[in-house]
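Structure provided below as structure tokens; questions to follow.
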Amino acid sequence: MEVTGVSAPTVTVFISSSLNSFRSEKRYSRSLTIAEFKCKLQLVVGSPASCMELELYGADDKFYSKLDQDDALLGSYPVDDGCRIHVIDHSGIRLGEYEDVSTVEKYEMSSEAYDRRQNTVRSFMKRSKVGPYNEELRAQQEAEAAQRLSEEKTQASAISVGSRCEVQAPGQSPRRGTVMYVGLTDFKPGYWVGVRYDEPLGKNDGSVNGKRYFECQAKYGAFVKPALVTVGEFPEEDYGLDEM
């Protein structure tokens with residue numbers, strides 16, 4: 001096949017390879033020799049230039065010819081915009097070898113070696129005393145957390161399992177139920193009150209992340225902070241959820 005009248009100095013083609021499954025769109029000069037062109041393709045497909053076999057396909061993916069003359073110019077072949085040049089690798093590299101990064105040996109530095117370096121984010125944070133290296137701020141945060149825990153413990157001590165209660169969560173209407181659990185949990189820090197609501201207005205069945213804290217039907221259980229719970233004589237209300 002012969003193409004005449006081509007004047008554009010460059011051509012935009014798609015590059016595919018036997019080494020991977022993706023295509024790259026690239027622009028090249030028509031004045032490159034095939035040998036020079038192969039050297040540029042090394043950076044695209046990862047195959048050594050000496051181990052490449054090039055095939056030219058049209059925009060309709062129809063095979064045109066092999067680019068097998070290393071001293072010929074790229075523009076001497078019927079290469080036009082939208083064509084595809086397929087690189088067949090003969091180096092013995094496996095398909096997808098350059099795509100699987102799990103096989104690439106990674107450099108790992110110990111925490112002690114990283115600490116000895118000066119121009120790192122960690123050293124900057126230490127010098128500037130920010131984040132976890134701000135001892136004053138960290139001490140303040142720990143004191144505040146201890147204070148909150150103490151307050152929650154005091155609030156929780158006034159709530160007894162089996163008591164009727166009303167829960168007033170922000171943005172929600174009051175919900176009545178029975179206290180089923182009071183204490184620490186594994187799913188979040190602090191003290192929590194497990195409530196079995198009178199109606200299915202909860203989020204669980206008394207268990208969270210596979211650990212059971214009390215028994216109730218699905219959607220009847222909830223865990224709330226002690227500050228949201230008021231204990232008292234709260235008779236069951238009919239929410240009308242069973243009405244048709």
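A Cβ is built for glycine as well, from the same backbone N, Cα and C atoms used for every other residue.
Unlike curated records, TrEMBL annotations are generated automatically.
Annotations for this protein, taken from TrEMBL, read as follows:
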- 183-225: domain 'CAP-Gly' (DOMAIN)
Mind tallying the domain 'CAP-Gly' (183-225) by DSSP state, helix then strand then coil?
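Once the DSSP states are binned, the domain 'CAP-Gly' (183-225) shows 0 helix, 18 strand, 25 coil.
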Taking every residue in the domain 'CAP-Gly' (183-225), what is their average pLDDT?
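Computed over the domain 'CAP-Gly' (183-225), the mean pLDDT is 95 on the 0 to 100 scale.
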